[in-house]
Amino acid sequence: MAILDRFRGSSSSPRSSNADPEKKPVMLQMGIKERFSPRILMMGILVSMGGFIFGYDTGQISGFLEMPDFLRRFADTTDPETGGPAFTNGRSGTIVALLSIGTLIGAIVAAPIADKFGRRISIVFWNIIFCVGVIVQIATTTKWYQIAIGRWVAGLGVGGLSVLTPMYQSETAPRYVRGALVSCYQLFITLGILTAYCINFGTEADNTARSWRLTMGIGFIWPAIMAVGIMFLRESPRWDYRHGRTDSARATIAISYGVPEDHAEVKREIREIKEKLDAENAGGGSHPWYEIFTGPRMLYRTLLGITLQSLQQLTGANFFFYYGTTIFQSVGLPNPYVTSMILGGVNFGTTFPGLYIVERYGRRPSLIIGGLWMFMCFLVFASLGHFALDPVDPSRTQGIGYVMIVFACLFIAGFAMTWGPIVWAVVGEIYPSRYRAKCMALATASNWVWNFLISFFTPYITGAIDYRYGYVFAACCFTGAVVVYFFVCESHGRTLEEIDTMYILRVNPIGSSKWEPPEGEELPNLDNTYLTPGARGIRKRNEAGAPEQEIRESAIVPGEGSSAMASGAR
């Protein structure tokens, strides 16, 4: 009983594992120690290693482009000022950006593989693919396109992991720490970037191939840790249940919450998963892929996920991460590797507050304030770079360069605490189980499309309009805040099934934090409806969330009443 006591809520909450599971349980009340149990921490670390792999690969390439041996082997032009080897915009952009093309393909292909074989096996598979790409890069001697092809292959692995990591976290983590755990993906991206910067700094003075091959070779450690570690964790309970492994799903949920298998919270989640699966099977069981656009409220959510992931890239964070050393060398600073380490340290350190912010203040306020903060920082950075920095000899205005670095750090701090981690959490939450893999793959693919476009075209754009490029990113940051305000529902502290219900009921995003699900009734959600091509399922509801009209009768599963749907928003 001592263990269960820690999970008690208010006086009306269940007081034993045998409490009536049909009653809506109160959010489990517990301290930080109980919330982040050793198993939860291990899951967060091991699964988030997928983000570390991406961050490490991102951070290392920005350093390689300035290393003497890398330039001697793969450069295609001569620097007019120093007479040394240099990269043209086309070659440097191709080397950097082909990773993003691979990640785009990997993200799309990962969904059907994960649905068929499970999340854990798929994670191991994509780690192996990443290692193959690293081998291709290390084995090259003078062929620049071998580096590019190796980055493309490694990108396949990174893309697959970018879908599976937040998917596994969101499907397995208890709802009261789900946002923080999914956000750990971004935390580990920042740790990977910082680690790569530090290793680059330690090897850049070496004039042999070891300067870049050693950094690449160390990259084998991270996928090995993830692939081995994931085999000691359990499969996603939602994937298990959908494949007939009910006992395994129940055990996983109980272990995640740290309660007995007959606890009310476990019964509640199992019941909700079962209801969704039963309704899906009653509606025919097999559903074509295009229902991610034609299903009830699915076009809205699919486009919202794509937009959020696109805007995360268009904040401009990777403008610093991919070309950090080159940017700060151009402002006349003595050692751009040190500057990159400072940016990487700020990026990593300020992500920790983000894990608290996402659970303390919720998704919507954090994203809105973060977008406005980044908007301000990029305006100052771009204005100083264009109007105050000496374009001929930046070292004559080195003070301006240092101020630009300060605002770059302030920007990265805002990104790391808000749009960096929280977008992954939101996109992992807004889709119903039936389409989660496909929709997350599509949304993540949009992230990688913009990742590629930014990484490839940045050298050309900055060459044409210099630091005014920052105004484009500033406008995108402001747009992101507006999109969140009008279109994203607050999902903090809710089960994935409740979040599905919110979008199905057209709860007004502006007031969504105050919405309460119907008590003692089945949650109305996507899987309560037949999904026929072109059927949207639910008609518009008024601003308060109350129904203007009942759902079309043809969209209701036979035997399901409309009372739950009618009373679902208050």
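Here the Cβ of each residue, glycine as well, is placed from N, Cα and C on the backbone.
Nobody curates TrEMBL annotations by hand; they come from automatic prediction.
As written in TrEMBL, here are the features:
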- 1-24: region 'Disordered' (REGION)
- 36-56: transmembrane segment (TRANSMEM)
- 43-492: domain 'Major facilitator superfamily (MFS) profile' (DOMAIN)
- 95-114: transmembrane segment (TRANSMEM)
- 121-139: transmembrane segment (TRANSMEM)
- 145-168: transmembrane segment (TRANSMEM)
- 180-202: transmembrane segment (TRANSMEM)
- 214-233: transmembrane segment (TRANSMEM)
- 303-325: transmembrane segment (TRANSMEM)
- 337-358: transmembrane segment (TRANSMEM)
- 367-388: transmembrane segment (TRANSMEM)
- 400-427: transmembrane segment (TRANSMEM)
- 469-488: transmembrane segment (TRANSMEM)
- 534-570: region 'Disordered' (REGION)
Residue list, the transmembrane segment (121-139) vs rest of chain: Cβ under 8 Å, 6 or more residues beyond ends. 47, 50, 53, 102, 106, 110, 113-114, 146-147, 149-161, 164-165, 168, 213, 216-217, 219-220, 223-224, 226-227, 230-231
Highest Cβ pair tally under 8 Å against the transmembrane segment (367-388), stretches 36-56, 214-233, 400-427, lands on 400-427
Where else in the chain does the transmembrane segment (180-202) make close Cβ contacts, counting only residues six or more beyond its ends and a cut-off under 8 Å? 40, 43-45, 47-60, 62-64, 67, 165-166, 169-170, 173, 214-215, 218, 222, 321, 324, 337-338, 340-341, 343-345, 347-348, 351-352, 354-356, 358-359, 416, 420-422, 424-425, 428-429
Relative to the transmembrane segment (36-56), which of 95-114, 145-168, 214-233, 337-358 accounts for the most Cβ pairs at distances under 8 Å? 214-233
Could you tell me what the rest of the chain brings near the transmembrane segment (145-168), counting residues at least six beyond its ends with Cβ under 8 Å? 47-48, 50-51, 53-54, 57, 61, 74, 94-95, 98-111, 113-114, 119-120, 122-123, 125-139, 182, 185, 223, 226, 236, 424-425, 427-428, 436-437, 440-441, 444-445, 447-448
